[in-house]
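Here is the structure we will look at, set down as structure tokens.
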Amino acid sequence: MSSTVITNIATLVTNDPSLGRGSPLGLIQDAAVVVDGDRIAWTGESSKAPATDNRVDAGGRAVLPGFVDSHSHLVFAGDRTQEFNARMSGRAYSAGGIRTTVAATRAASDAELEANLTRYLAEALRQGTTTFETKSGYGLTVEDEARALRLAARHTDEVTYLGAHIVPPDFAEDPAGYVALVTGEMLDACAPHARWIDVFCEKGAFDGDQARTILTAGRAKGLHPRIHANQLSYGPCVQLAVELDAASADHCTHLTDEDVDALANSSTVATLLPGAEFSTRADWPNARRLLDAGVTVALSTDCNPGSSFTSSVPFCIALAVRDMGMTPDEAVWSATAGGARALRRTDIGHLTPGARADLTLLDAPSHVHLSYRPGVPLVAGVWRRGVREI
Ligand code: NIG
Ligand code: FE
């Protein structure tokens, strides 16, 4: 197994809390990292770096853990340009647009769906994402949901069954029948391909009781819950997420004080998805309120063709800092360590010895430039499992 030292790093983000120094990021200046095989072997000051087989000069730039995008919807066909255009002319976003993508996805071949998926993954990698979660939810038949998960599982371990994205048109008159399908035959077909189960708990999608039934059925089949909660309106699903020990309550745009308290006293992460508020011209989630209450916050893209068609974590970091009350350090933590927490992973999201060697090199002297220089392609290098891919 060969080892590589990356030297001359102006700012290294380790996310090692024991390094303290006033930032959650465990910053080391004038740093080096040693990568051994697919793991981090050493981090510290450049002058103390041990000898290795290979050497890479970071050129006085910043290195941080690869982004962990813990919420995306990448198995789909078609796009929703017209819907976006209409929204930007004043029309409101509604969950109903999902049906457009369901029709296009059902009509697509496996090869077409996988080509789309790999294209969006390549986009994400170029922007520093080294781990991503992705969901089904645009098939909504037994075969189409299982197919989406099978395709996704070829590319990531973090696969989520979202048969409960919306009640499809074929069940418009029988939503209870659709819930029975999602918790019965569809779950049986999908559970072997997924790690997680998710429900879009929202007006126009599924209510709290339906969400509880669906997530409980998934749990009985070995899937762990996460929930689309309180995106478009207040509702019961943040508290349901806490009650069921969901790994994450996602969106969290409309929160009562009780919702915030429940999250703060739980191990459920609040995953904020500012790409959705950007693309739907909605009010921003209040990250400051959550952080001040002690809630663990993750930041992800929600990449999907309807409400958030961006694969860029740096873009979401910039939005979170500018408009959601996060500091640049908090936003970077949430997009790395926070994402890892939302996936209940301890091997990623930090650069400490033993962690997976997933690193992003920025063409900038510090991680702050991710929000200071919005829209600029700053990612200059990406290593995944110790292999340089960009
Ligand atoms: O996370 N909220 C539900 N699902 C997506 C929207 C999907 C769509 O509009 O196609 C979301 O925003
Ligand atoms: Fe989503």
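Using the three backbone atoms N, Cα and C, a Cβ is placed for every residue, glycine included.
Quantities reported herein were computed from a predicted structural model and do not represent experimental measurements.
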One of D144, D157, D302, D323 listed by TrEMBL as binding Fe(3+) at the site of H71, H73, H228: D302
Residue from H155, H165, H193 that TrEMBL also lists as binding 4-imidazolone-5-propanoate with R80, Y138, Q231, S307: H165
Pairwise Cα distance for H73 (Fe(3+) binding site)/N304 (N-formimidoyl-L-glutamate binding site) [Å, integer]: 5
Where G306 (N-formimidoyl-L-glutamate binding site) sits in the secondary structure, as DSSP reduces it to three classes: coil
Secondary structure composition of the domain 'Amidohydrolase-related' (249-378) [DSSP: H/G/I, E/B, coil]: 51 helix, 18 strand, 61 coil
Fewest other Cβ within 10 angstroms of its own Cβ, chosen from the binding-site residues H71, H73, R80, H165: R80
